[in-house]
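Engineer: Pasting a structure below so you can have a look.
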Amino acid sequence: MSKSIAKNALYKVLLNIFNIIMPIIIATYTYRVMTKELIGRYTAAYTIFNYFFIFAGFGIYNYAIRELSKVRDNKKKMSQLFTSFFVIGLISNIVTIIAYVAFNYTLFKGTPVFAVHLILALNMISNIFYIEWANEALENYGFITLKTIIVRLVYAALLFLTVKSSKDFLIYVFLTTFSTFLNNIISYIYIKKGIGFDFSNIKIKRHIKFLLLVIVMSNGNVLYTQLDKVMLAHYVGEISVAYYGVANNVMNIINALVLSVVFVTIPRLSNIIASKDHERYINLLNKITQTLFAFLFPVAIGMFVLAEEIFVLFGGGEYAGGGPVLKVFCLYMISLGMEAILTNQVMYVNRREKQLVPMIFMAGFINIILNYLLLKFNVFNEVTAIATTTVSSYMLIFIEYIYTRKVLNIKFNMFNFKNFRYLLYALTFLPISFIFKSLISNMYIYIVAIVLTSGIVYTLFLFITKDEIWNTAVNRFMPKIKTKLRR
């Protein structure tokens with residue numbers, strides 16, 4: 001089971017690069033053939049669906065990865081745990097789909113959004129077979145990468161062949177659901193070849209308490225971005241939700257790639273903590289944090305300076321003027337990176353879910369209060385909504401970090417110059433963008449010029465300062481490149 005973290009991270013990065021390219025192509029196409037009202041309708045419906053989907057998933061994904069990682073060398077215990085989690089998921093999905101259909105029948109029957117909700121309900125049926133947590137616990141990232149690429153290509157092909165205009169809106173919704181089902185069923189068939197069901201020692205009650213805590217921990221966005229979308233839909237309108245949703249999607253696509261380095265190491269960190277090797281844990285935690293920041297800051301600042309252009313590329317002229325909301329999302333993305341480290345690599349792997357829950361609620365309720373204050377002063381919109389969410393997210397980081405240092409007594413210094421120098425390097429993108437903005441009028445040439453120049457400047461900073469992450473990457477990949485060139 002000893003699989004290289006670097007190799008797993010590479011698979012994860014390759015997967016997420018593909019998950020960047022394909023969603024960009026798909027989103028660009030979709031935003032052009034669908035009206036803003038339909039995109040807003042889908043986003044609003046999906047937000048409500050997500051509130052129910054939280055209970056369908058029941059926090060199994062994160063919890064199962066951690067627990068299975070501890071016993072992955074014991075096949076019998078693996079099968080018993082796998083069976084327990086599968087049964088819990090089966091029950092939670094069946095109960096939730098009944099509640100979701102009843103809710104929508106009561107509130108939305110006879111409205112245009114009702115059909116969307118019924119199609120989305122199919123996701124809960126396919127979620128019964130969602131066992132990707134087992135593949136991740138076993139670090140089967142090669143399979144995950146290949147499978148996801150194939151499913152995404154099938155989805156894209158069907159989308160381009162069948163969705164031609166706004167009249168095909170429901171087909172589009174169905175295809176998103178179908179691709180999820182295809183993804184889940186392939187993973188289920190694959191993992192069942194290696195892990196069988198074992199009903200000899202099923203323990204349901206034992207896991208429920210922890211799963212309830214993980215539900216809150218893993219779904220903090222219910223009080224953050226999800227709440228924003230619901231309030232925007234109710235108080236502002238579908239177009240505002242569309243702008244917010246597009247910016248959120250752009251950030252999520254890029255953020256998935258950046259956070260690969262975090263989530264791919266959860267099984268390994270859980271295994272290290274189980275072996276009580278504290279020094280090794282701290283060393284790996286510091287390395288993960290430095291690596292994350294080396295990518296997080298330049299990507300976020302790069303998106304910030306190109307926010308308006310990115311919005312136009314995604315949505316066309318219909319979404320012109322969406323730059324400000326994406327700029328705030330870039331600041332929010334930085335907070336998500338920091339929060340991912342503290343939540344997943346510190347609090348979660350050290351089994352501090354119980355303490356984490358009130359922290360998430362505290363920051364979330366602050367976000368609710370701030371949103372209602374914005375409503376009171378009649379300044380609530382897609383930009384101010386994500387601004388308050390960003391403030392709340394940084395407050396959560398502050399609380400978690402204090403707890404890590406003072407209560408857990410983990411000597412982990414996230415906010416040091418070694419990590420934040422990457423932000424200083426990335427801030428040079430701002431004057432570069434100002435210079436090119438005054439010289440270049442063509443949007444596409446401007447984007448290429450900014451990306452190339454900023455990338456070269458950032459790389460020079462890493463080279464001149466003999467950066468540790470840079471040197472590690474060069475020493476790892478250059479010999480392989482030279483060997484291939486000689487052939």
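Glycine is no exception: its Cβ is also placed from the backbone N, Cα and C atoms.
Since this is a predicted model, take the numbers as computed values, not measurements.
Marked as transmembrane segment by TrEMBL: 9-31, 43-64, 85-107, 113-131, 143-163, 210-227, 250-270, 291-314, 326-344, 356-377, 383-402, 446-464 (among others).
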Engineer: Quick one: do the transmembrane segment (446-464) and the transmembrane segment (85-107) have at least 3 Cβ pairs under 8 Å, skipping pairs fewer than 6 apart in sequence?
Structural biologist: no
Engineer: Which residues of the same chain, at least 6 past either end of the transmembrane segment (383-402), have a Cβ under 8 Å from a Cβ in it?
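Structural biologist: Residues 220, 223-225, 227-228, 231-232, 244, 247, 324-325, 328-329, 331-332, 335-336, 338-339, 342-343, 346-347, 356, 359-360, 362-364, 366-367, 370-371, 374, 414-415 contact the transmembrane segment (383-402) from elsewhere in the chain.
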Engineer: Which range out of 43-64, 85-107, 143-163, 326-344, 356-377 gives the transmembrane segment (291-314) the most CB pairs under 8 Å?
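Structural biologist: Ranked by Cβ pairs under 8 Å, first place goes to 326-344.
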Engineer: Checking distant contacts: for the transmembrane segment (43-64), what same-chain residues at least six beyond its ends satisfy Cβ-Cβ under 8 A?
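Structural biologist: For the transmembrane segment (43-64), the list is 81, 85, 88-89, 92-93, 95-97, 99-100, 103, 113, 116-117, 120-121, 123-124, 127, 130, 132-134, 137, 207, 210-215, 217-219, 222, 226, 229-230, 233, 238, 241-242, 244-245, 266, 344, 348.
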Engineer: Using a Cβ cut-off of under 8 Å, list the residues of the same chain at least 6 residues beyond the transmembrane segment (113-131) that approach it.
Structural biologist: 41-42, 44-46, 48-49, 52-53, 56-57, 61, 82, 86, 89-90, 93-94, 96-97, 100-101, 104, 170, 173-174, 177, 180-181, 184-185, 187-188, 191
Engineer: Would you mind listing the long-range same-chain contacts of the transmembrane segment (143-163), meaning Cβ under 8 Å and 6+ residues beyond its ends?
Structural biologist: 11-12, 14-15, 18-19, 22, 25-26, 29-30, 33, 132, 135-136, 171-172, 175-176, 178-179, 182-183, 186-187, 190
